[in-house]
Amino acid sequence: MNVRQHKASFFSVVITFLCLTLSLNANATDSVLEAVTNAETELGARIGLAAHDLETGKRWEHKSNERFPLSSTFKTLACANVLQRVDLGKERIDRVVRFSESNLVTYSPVTEKHVGKKGMSLAELCQATLSTSDNSAANFILQAIGGPKALTKFLRSIGDDTTRLDRWEPELNEAVPGDKRDTTTPIAMVTTLEKLLIDETLSIKSRQQLESWLKGNEVGDALFRKGVPSDWIVADRTGAGGYGSRAITAVMWPPNRKPIVAALYITETDASFEERNAVIAKIGEQIAKTVLMENSRN
C-alpha cells in the first residue's frame, strides 16, 4: 500500500468512527425526545421538557421555551427566597408563624394539625410544603417573603426573566390555556434550579437545606423516582392543576457522577392523573437509560 492509499484508508476509518459516534449520540438523545412526543400523542397533551446532564453537558429540550403552569413547582422557589433572605440577614429560619383555622386553604395536611397551637417555624413550613405540598404552608411562606410579586422580583434578581407568580394558593393552579399568570418555561426552570441548587446563589448551608427538603418529598414516588434506578438520589417537587396540568422539577444524582437537572410540564389534556404520572415515570426511565448508556461507553 502506498502512502496515498494509507492516508485514504486512515481517514476513511476516522470518518466512519466519527459518523458512528455521532449516530449513537443522536439516537441516545432522540430516544428521550421520542418518549416525550409519544407521551404527547398518548395523552393528547402539550408537554414541555428541559433536562441538562451536568456530567456530559448533554441537553434534552422539547417545547422548552413554551409557557406552562407552574402549579406547586413554585414552592421550591419560594423556599429558596426565604433561604436567601436568611443568608442576607433579613430573616430567621426559626421565626415562628402563628395562624388560625380561618387562615387555611384547601389541602393543608400538616398545617391543619397546628391550628391553635404554638405555630410553625419558617423551616417547618418549608419542610411541610416541599414534602407534602401543603398549600397553606406555601401561602405562609409567600407572606414571609412579601407575596407573589416579591417572589417574581427575587427570580428577576437571579437572572430568571421568565418565571412569574401572580396569585396565591389555590387560585394559582387554575392553568387556563394561554394565561401567562403563574407560569414558567421548562428551560427557565432548569436554569433557575441550577442556580439555586448547584451554583452559588445561596450559601452552602442554604443549598444543602433546600436539597434536603426536596429529597424528603413524600408525593413524588410515582413520577421520576419510579422511573430511575433505586440507587439514584432524587430531589424533586411536583405539581398539578387545572386542564390536566401535571409537573415535576428535579435534580437527580446517579452514583459517583454529577446530576441531571430536569423540568417536565404537562397541560391541556383529559388524561387521568394516573396516566399522566405513568408517562412522567416513563420519560424519567428513558433519561436514566440514556445516562447509563453514556456511562457504559466511558
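Yeah, the Cβs are placed from backbone N, Cα and C, and that goes for glycine too.
S72 (active site, acyl-ester intermediate) falls within a helical segment according to DSSP. On its own chain, S72 (active site, acyl-ester intermediate) has S133, A138, N173, R237, T238, G239, A240, A247 as residues at least 6 apart in sequence with a Cβ closer than 8 Å to its own Cβ. If you look up Swiss-Prot, you'll see S72 marked as active site, acyl-ester intermediate.
Look at Swiss-Prot and you will find R237, T238, G239 tagged as substrate binding site. Residue environment of G239 (substrate binding site) contains 25 other Cβ atoms, counted within 10 Å of its Cβ in all protein chains. A strand conformation is recorded for G239 (substrate binding site) in the three-state DSSP classification.
Sequence annotations record features per position, and here Swiss-Prot assigns disulfide bond to C79-C126. Of all Cβ atoms in the shown protein chains, 27 besides its own fall within 10 Å of the Cβ of C126 (disulfide bond).
Among the features that Swiss-Prot reports, signal peptide is placed at 1-28.
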Cβ neighbour count (10 Å, all chains) around C79 (disulfide bond) is 29
Using the Cβ center of R237, T238, G239 as the substrate site position, which other residues in that chain lie within 8 Å, going by their Cβ? S71, S72, T73, K75, T76, S133, N217, V219, G220, D236, A240, A247, I248, T249
